[in-house]
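**Q** Quick one: the structure is below, questions incoming.
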Amino acid sequence: MSDQDSSTSSTSFPKYLEHLSGDGKAIGVLTSGGDAQGMNAAVRAVVRMGIYTGAKVYFIYEGYQGMVDGGSNIVEAKWECVSSILQVGGTIIGSARCQAFRSREGRLKAACNLVRLGITNLCVIGGDGSLTGANLFRKEWSGLLEELAKNGEIDSDTVKKHAYLNVVGMVGSIDNDFCGTDMTIGTDSALHRIIEVVDAIMTTAQSHQRTFVLEVMGRHCGYLALVSALACGADWVFLPESPPEEGWEEEMCLKLSENRARKKRLNIIIVSEGAIDTQNKPITSEKIKELVVTNLGFDTRVTILGHVQRGGTPSAFDRILASRMGVEAVLALLEATPETPACVVSLRGNQAVRLPLMECVQMTQDVQKAMDERRFDEAVKLRGRSFEGNLNTYKRLAIKEPDDKIPKSNCNVAIINVGAPAAGMNAAVRSAVRVGIAEGHKMFAIYDGFDGLANGQIKEIGWGDVGGWTGQGGSILGTKRTLPGKYLEKIAEQMHSKNINALLIIGGFEAYLGLLELAAARNKHEAFCVPMVMVPATVSNNVPGSDFSIGADTALNTITDGFHSAVLLSEARNSHDEFCIPICVLAATISNDVPGTDISIGSDTSLNVVVQTCDRIKQSASGTKRRVFIIETMGGYCGYLANMGGLAAGADAAYIFEEQFDIRDLQSNVMHLTEKMKTSIQRGLVLRNENCSVNYTTDFIYQLYSEEGKGVFDCRKNVLGHMQQGGAPSPFDRNFGTKISAKAMEWISAKLKGSHGTGKKFVSDDSICVLGIQKRDLLFKPVAELRKATDFEHRIPKQQWWLKLRPIMKILAKYEASYDMSDVGKLEPVHNHGELSAI
C-alpha cells in the first residue's frame with residue numbers, strides 16, 4: 001500500500017520558518033538496537049520535515065554498522081522514499097548492534113564517512129545504549145576530525161567547516177524503560193499485541209477452566225507486564241522492579257483458589273521476562289506453572305509471546321507520537337549550536353519536549369543499579385510517578401481485602417453511564433466499583449443513564465460483579481443520551497430514597513450537560529447537594545476540561561485500521577473478481593455494531609478475509625493506482641478524530657469544522673492530488689469530519705473530486721459510522737479509564753470523609769467537577785468554571801490543544817503550513833513520568 005502523502009507542492013522554504021532554514025545542512029537518520037513499531041513513522045517525519053526545511057537528509061542503513069561501513073549504507077533520502085511506511089512495523093533502514101562503533105577506530109571511520117557527505121546533524125532512534133553512543137561520538141567529533149586531517153583523509157577546511165556535531169535522540173523501545181518520557185515509540189503497539197493475545201487466551205481458558213501464565217518482554221523493566229495486567233485484570237503479575245514478598249508462593253495460590261471458588265473460570269498470571277525475587281533470583285514462567293500445578297492441581301499452560309510484541313502494524317498512538325517526535329527532532333537539530341548539549345525528544349502529557357540526553361540516561365541506569373542492589377522501593381520511585389501509580393492501582397484492584405479489614409464509610413456511591421457508548425467505559429466502571437469498595441463505600445450501579453435513574457433502575461454492585469469487564473466494549477450498564485432536566489423530581493426522589501451520598505458520571509458531552517443541569521438544580525433539590533464528578537468518555541473527545549476522553553484512542557485505531565483494510569480490499573477487487581464477496585462480508589460485519597455489547601469490528605471470518613487478501617495482494621499485481629479515498633469520521637462538530645486520524649494515516653487533507661474551508665480550498669486540494677498522481681505516489685486519502693460543513697457534504701466532496709479528477713484519478717468513499725464506537729477497547733483506553741476512574745473515586749472519598757451523619761451539604765462549585773488531563777496534569781475542574789470555555793452550540797471546547805498538531809499533517813503532506821513553535825525550543829529539566837502515561 002502506498003503512502004497517502006503528496007509530493008508535489010513548492011519546495012521553497014516557508015518565510016515564517018526562515019530562522020530555521022535547513023539550507024546547506026545535512027541530517028543523518030539511523031535506527032539502532034532493537035526495533036520497535038513506529039520507528040518508520042519517525043524516519044518518515046525526519047525525512048520530510050528535513051526536506052521541507054531545505055536540508056538534505058540521509059538514510060544511514062543498518063544503524064551504527066552502516067555508519068562505520070559507509071558507501072551504499074549512507075544514501076540521500078527523497079520525499080518519495082518514505083511513502084508506504086507509516087503502517088509498516090520494524091524499520092525500513094535496518095537496525096544492527098555494532099561492536100566496531102564501540103572502539104575509537106570504528107568511530108573514526110564513521111566520522112570520515114559522515115563528514116565527506118557534510119553530515120553534521122544526527123538523529124538517532126533507539127534505546128539508552130544507542131543514545132549514549134551517539135553522545136560519546138558528539139563529544140569526540142572535533143578530535144576525530146583533527147585525527148582524520150592529520151592522516152590526510154580530509155583537509156583543514158573541512159575540519160573548520162564541520163567543526164561540531166549535533167545529536168538529537170528519539171527513544172524507540174517497546175519496554176518503555178527510558179526515564180524522562182511518558183511513552184517511548186513502540187510501547188503502545190506492543191501492548192496491542194499483548195492484549196490481543198490475552199483476549200484470545202481468555203476465551204479458551206474459560207472454556208476449559210485453565211490457568212494461563214503469559215510471559216511478556218521486559219528484561220529490565222516491567223512496564224509491559226504491569227500495564228497489560230491492569231488492562232486485562234490479571235490475577236497476579238511479576239515485575240523486576242517490585243519482586244513479590246517472601247511467602248509469595250502460598251499467597252498467590254491462595255488468591256487463585258479463592259478466585260476459582262468464586263466461580264471464576266480462568267486465571268491469568270503475567271510475568272515479565274526479567275522477573276526476580278527479593279534475592280535477585282529469576283522467577284520463570286515454567287517455575288510458576290509447576291507451582292500452580294503442584295499446589296493446586298489446576299490445568300495450567302504457559303504462553304511466551306517473544307518477538308510477536310515487536311511485530312505488526314504500529315498503533316495510531318505510536319504513529320502520531322513518532323511523527324510528532326520526528327518533526328521536533330529536526331527543529332531541535334536546526335536550532336542547535338556548538339554549545340547545545342545532546343538532547344532527547346520526549347513526551348510529557350500531550351506535549352513534545354526536549355530533555356538533556358545524558359541526564360535521562362543516568363536516571364535510567366540508576367533504576368537498574370537500585371534493582372541490582374535490591375533497593376526495590378527506590379527502583380519503583382525512579383521509574384516515575386506513573387509507574388508507581390500503575391503498580392498501586394493494580395494492587396488495589398486485583399486484591400480484595402477481607403470485609404472485616406475494610407473500615408466502613410457508611411456512604412452510598414452511585415455510578416452512571418451517560419451519552420453514546422465509548423470503548424473503555426466498562427474498565428472505568430470496574431475501577432470505580434473496586435476502589436469504592438476498598439474505600440469502604442457501598443457501590444450502586446445505575447442502568448440506562450438518567451432514564452434508569454429516574455425509574456429506579458439502581459442496584460448494588462459488588463467486587464466480583466465487575467470481573468472481566470476491562471476488555472468489554474460498549475457499556476454493560478447501558479447508556480442513553482437523555483438529559484436529567486425533565487426528570488429532576490424523580491431523580492431527586494430516587495437519590496433520596498437510595499440515600500446516594502455521591503455520584504460518578506462516566507460519559508461524553510451529554511454527561512457534561514447533565515452535570516450542569518444537576519448543579520443548577522441544587523437550590524431546589526437537596527438530594528443533589530452531594531459530591532459529583534464526571535469522567536470524560538466519548539469517541540468525539542469534545543468534553544471541556546480534558547484533552548483526552550476514554551474511547552477516542554480506540555476510535556482512532558478503528559479509523560487507521562479500517563482505512564488500510566479498505567484500500568487493500570478495494571485494490572484486490574479491481575484485480576480479482578473473487579474478492580467482491582469478501583468485501584460485502586466485511587461491510588456487514590462492520591455495520592453490525594450493537595451498543596452495550598462486546599462485538600468486535602472484525603469477526604473471525606472477516607479477519608481471515610483481510611489477512612488472506614493482504615497476502616494475495618502482495619503476491620499478485622500491485623493493484624489499482626491513481627485512486628483517492630474519501631473517509632467520513634464521527635465526532636459531531638469536533639474534528640479530533642479526522643485530524644488525528646489524518647496524521648496517523650498520512651492523509652492529504654482533513655476537513656474539520658474548526659478550520660473553515662470553501663470551494664477554493666477544495667479546488668486546491670484536487671489540483672494538489674492531480675499533480676501528485678504524476679509522481680510515484682499515486683494514491684490519496686482525504687478525511688472529513690461528519691459536521692465540518694452543512695453544504696460540503698461527503699457526497700459533494702466525492703462528486704467534486706470524481707468530476708475534477710476525471711481521467712487522472714478515480715474516487716472511493718466510506719462512511720465509518722458507528723463502528724468507531726464499537727469493538728474491544730484499546731490498551732490506552734482500558735488503562736486510561738482504569739486510572740482516571742480510580743482518581744475520581746479517591747476524590748469522592750476525600751470529599752465524603754468525615755461528612756457522613758453530619759448533615760453537611762455540598763453546595764460549593766468545587767464539589768461538582770469534571771476530571772480530565774490538561775497538558776501535563778490531572779485536574780478537577782468545577783463545571784461552573786468550564787461554562788466560559790464551552791461552545792454550547794457546537795458542543796466543543798473553545799480551545800482545543802490538538803489544533804496545534806494540524807500543521808504537522810499538512811507539512812508531512814508537503815503543503816506549506818505555519819507551525820506554532822511557542823511551546824518548543826527550550827531544554828527542560830528531567831523529572832518523573834507525568835499523568836498521561838496511563839497506558
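Note that Cβ sites are derived from N, Cα and C of the backbone, with glycine treated the same way.
So TrEMBL says this about it:
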REGION    1-399  region 'N-terminal catalytic PFK domain 1'
DOMAIN    27-332  domain 'Phosphofructokinase'
BINDING   Gly34, Arg97, Cys98, Gly127, Asp128, Gly129, Ser130  ATP binding site
BINDING   Asp128  Mg(2+) binding site
BINDING   Ser173, Ile174, Asp175, Arg210, Met217, Gly218, Arg219, Glu273, Arg301, His307, Val308, Gln309, Arg310  substrate binding site
ACT_SITE  Asp175  active site, proton acceptor
BINDING   Arg481, Arg627, Met634, Gly635, Gly636, Glu690, Arg716, His722, Met723, Gln724, Gln725, Arg795  beta-D-fructose 2,6-bisphosphate binding site
DOMAIN    562-748  domain 'Phosphofructokinase'
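Help me see these features in their spatial surroundings.
**A** Annotation for Arg97 (ATP binding site): spatial neighbours Ser32, Gly33, Gly63, Gln65, criterion Cβ-Cβ under 8 Å with sequence separation of six or more.
Taking the Cβ of Asp128 (ATP binding site) as reference, residues of its chain lying under 8 Å away and at least six apart in sequence are, in sequence order, Val171, Asp177, Phe178, Cys360, Val361, Thr364, Gln365.
Other Cβ atoms within 10 Å of the Cβ of Val308 (substrate binding site), summed over all protein chains shown, number 15.
Under a cutoff of 8 A between CB atoms, and with a sequence separation of 6+ in the same chain, the neighbours of Asp175 (substrate binding site) are Thr184, Thr187, Met217, Gly218, Arg219, His220, Cys221, Tyr223, Leu224.
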**Q** Calculate the distance in Å between the alpha carbons (Cα) of Gln725 (beta-D-fructose 2,6-bisphosphate binding site) and Gly129 (ATP binding site), and round it to a whole number.
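**A** With distance taken Cα to Cα, Gly129 (ATP binding site) is 41 Å from Gln725 (beta-D-fructose 2,6-bisphosphate binding site).
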**Q** In sequence order, which same-chain residues at least six apart have a C-beta under 8 angstroms from Arg310 (substrate binding site)?
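**A** Result: Gly34, Asp35, Ala36, Gln37, Gly89, Gly90, Ile174, Gly186, Ala190, Met217.
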**Q** Roughly where does the domain 'Phosphofructokinase' (27-332) sit in mean pLDDT, to the nearest integer?
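**A** Overall, the domain 'Phosphofructokinase' (27-332) comes to a mean pLDDT of 94.
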**Q** Beyond the listed site residues Gly34, Arg97, Cys98, Gly127, Asp128, Gly129, Ser130, identify every same-chain residue whose Cβ lies within 8 Å of the center of their Cβ atoms for the ATP site.
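**A** Neighbours found: Ser32, Gly33, Gly126, Gly133.
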**Q** Just to confirm: which same-chain residues, 6+ apart in sequence, have a Cβ under 8 Å from the Cβ of Met634 (beta-D-fructose 2,6-bisphosphate binding site)?
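**A** Same-chain residues close to Met634 (beta-D-fructose 2,6-bisphosphate binding site) (Cβ under 8 Å, separated by 6 or more) are Val539, Ser540, Ala555, Leu641, Glu690, Leu720, Gly721, His722, Gln724, Gln725.
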**Q** How far apart, in angstrom, are the most distant Cα atoms among the ATP-binding residues Gly34, Arg97, Cys98, Gly127, Asp128, Gly129, Ser130?
**A** 15
**Q** Among the binding-site residues listed here, Arg219, Arg716, which has the most company in the form of other Cβ atoms within 10 Å of its Cβ?
**A** Arg716
